[in-house]
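Features as listed in TrEMBL:
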ACT_SITE  LYS192  active site, schiff-base intermediate with substrate
ACT_SITE  LYS245  active site, schiff-base intermediate with substrate
BINDING   CYS117, CYS119, CYS127  Zn(2+) binding site
BINDING   ARG202, ARG214  5-aminolevulinate 1 binding site
BINDING   GLU230  Mg(2+) binding site
BINDING   SER271, TYR310  5-aminolevulinate 2 binding site
Amino acid sequence: MFRRHRRLRKNSYIRDMVRETTLSPNDFIYPLFVVEGINIKKEIPSLPNNYHYSLDRLPEVISEINDAGVKGIILFGIPDYKDEIGSSAFDENGIIQKAIRKIREIDKDLFIITDVCMCEYTSHGHCGIIHDGYVDNDETLKYIGKIALSHAKAGADMIAPSDMMDGRIEEIRTTLDENGYKNVSIMAYSAKYCSAFYGPFRDAADSAPKFGDRKSYQMDPANAREAMLEIEDDIEEGADVIMVKPALAYLDILRTAKNRFDVPVAAYSVSGEYSMIKAGAKMGWIDEKAIALESLLSIKRAGADMIITYYALEASKWLK
Ligand code: PBG
C-alpha cells in the first residue's frame, strides 16, 4: 500500500498547519548605503529600489524599515576620501560613524549592524593593507580592530567583519572588551566566498579592487570542508553569529553549518542574487514576488536564522 502524501496538501488550511518553514520580517536584515552630502536619495543602478542616502534623508528610510517590521540593518558607507590605509573607515567623523549616531537619534531601538571592511575606503580597493602587492594579514588586523572600535563607540549593536583576514574575530573581540564594549556582538562573515555574485555591490559601494582579485583572502567556491574550519575558528575566537555568503549558490554550506554548529547562522543573499531576479522580472520572464519569496524561503529552509537581503523591505510588505 502506498502513502497518500496528497492528503496533507488538500487545502490551504492543512497546508498551513503542516508547513515546516515560514518567513517573517524578523528574519530579514536590510543593507543600507550611506553617502556624504545633503538631500541625496539616489537609486543604485545595479540594485533597483535600493538607494544611496545622505544622512539628512535617513528618517524616511528608517520609517519605511519600521513600517515593514524589519528590526535590523547592516550599514555600508561610501566615503568621499580614500587612501592607502582606508583612514576614513576609522575616523570618528567618517560616514559610518556619523550615520550610526544619526540613526540612533531617529530610532533608539533599531538594531544596527556595521560591515567592517576596508575595500570601500582604500584607494586600491583591497580589504586590507598592501605590502609588496599582497594584503598583509597581521598589519590589517590592527586596522580592523580600530574600525570595529570606532563603530562601537558611535553606537553600533553588532560588528560584522567581512575582510576575511585570519584572526580578525579575536582581534575585534579583544579590542572591544578592553575598551568597555563587552556587550557589542560580532557577526562573522565566516564563509565568505570569492564570488562573481558581488558584482552589482561593487558598483553600489565603489569597492572593486584596482588590481588583482580577492582570491588570496576570500574562499574558493569549490571548497566546503574549509568553510567548516573557518566557522569553527570564528566561533572559538568569539563570534556570536556566523555567516555564509553568498546564499543561493551555497545552500549546502548553510545546511552543513547549521547541522554542525550551535550558534545562529546568518546568510547573505548578495547583490547578484537580487539583481538577477530584478532583471528577469523587468524582462517579464519571471514572477518577481513568487521567485523572490521562494528564494528567501529556500535560504531559511537550508538553515539560515537570519537573512541579509536587498528584498528585506519588499518581501516584508509581500508577507503582510
Ligand atoms: C566588503 C563587502 C562586499 C560585500 C559585502 N561586504 C564586497 C566584496 O567582498 O567584494 C558584497 C555584498 C553583495 O554583493 O551584496 N568586503
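Using N, Cα and C of the backbone, Cβ positions are placed for all residues, glycine too.
Keep in mind that this is a model prediction, so the values were computed, not measured.
Feature map: TrEMBL annotations on the structure.
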{"residue": "CYS117", "record": "Zn(2+) binding site", "DSSP (3 states)": "coil"}
{"residue": "CYS127", "record": "Zn(2+) binding site", "DSSP (3 states)": "coil"}
{"residue": "LYS192", "record": "active site, schiff-base intermediate with substrate", "DSSP (3 states)": "strand"}
{"residue": "ARG202", "record": "5-aminolevulinate 1 binding site", "DSSP (3 states)": "helix"}
{"residue": "ARG214", "record": "5-aminolevulinate 1 binding site", "DSSP (3 states)": "coil"}
{"residue": "GLU230", "record": "Mg(2+) binding site", "DSSP (3 states)": "helix"}
{"residue": "LYS245", "record": "active site, schiff-base intermediate with substrate", "DSSP (3 states)": "strand"}
{"residue": "SER271", "record": "5-aminolevulinate 2 binding site", "DSSP (3 states)": "helix"}
{"residue": "TYR310", "record": "5-aminolevulinate 2 binding site", "DSSP (3 states)": "coil"}
Hey, what's the Cβ neighbour count for CYS117 (Zn(2+) binding site) at 10 Å?
26
With GLU230 (Mg(2+) binding site) as the reference Cα, tell me which of the recorded positions CYS117, CYS119, LYS192, TYR310 is the closest one.
LYS192
Going by Cα-Cα distance, which of the binding-site residues (CYS117, CYS127, SER271) sits nearest to ARG214 (5-aminolevulinate 1 binding site)?
CYS127
Listed binding-site residues with Cβ under 6 Å from ligand 1, out of CYS117, CYS119, SER271, TYR310:
CYS117, CYS119, SER271
Starting from the Cβ centroid of CYS117, CYS119, CYS127, which together make up the recorded Zn(2+) site, report each further residue of the same chain whose Cβ lies within 8 Å of that point, ordered by sequence.
MET118, GLU120, TYR121, THR122, HIS126, GLY128, SER162, ASP163, SER207
Name the one residue among LYS192, ARG202, LYS245, SER271 whose Cα is closest in three-dimensional space to that of CYS119 (Zn(2+) binding site); these are the recorded positions.
ARG202
Counting distance between Cα atoms, which of the recorded positions ARG202, LYS245, SER271, TYR310 is nearest LYS192 (active site, schiff-base intermediate with substrate)?
LYS245
Which Cβ among the binding-site residues (CYS119, CYS127) has the fewest C-beta neighbours inside 10 Å?
CYS119
Quick check on the recorded positions LYS192, ARG202, ARG214, LYS245: which one has the highest count of other Cβ atoms within 10 Å of its Cβ?
LYS192
Distance from CYS127 (Zn(2+) binding site) back to TYR310 (5-aminolevulinate 2 binding site), taken between C-alpha atoms, in Å:
22
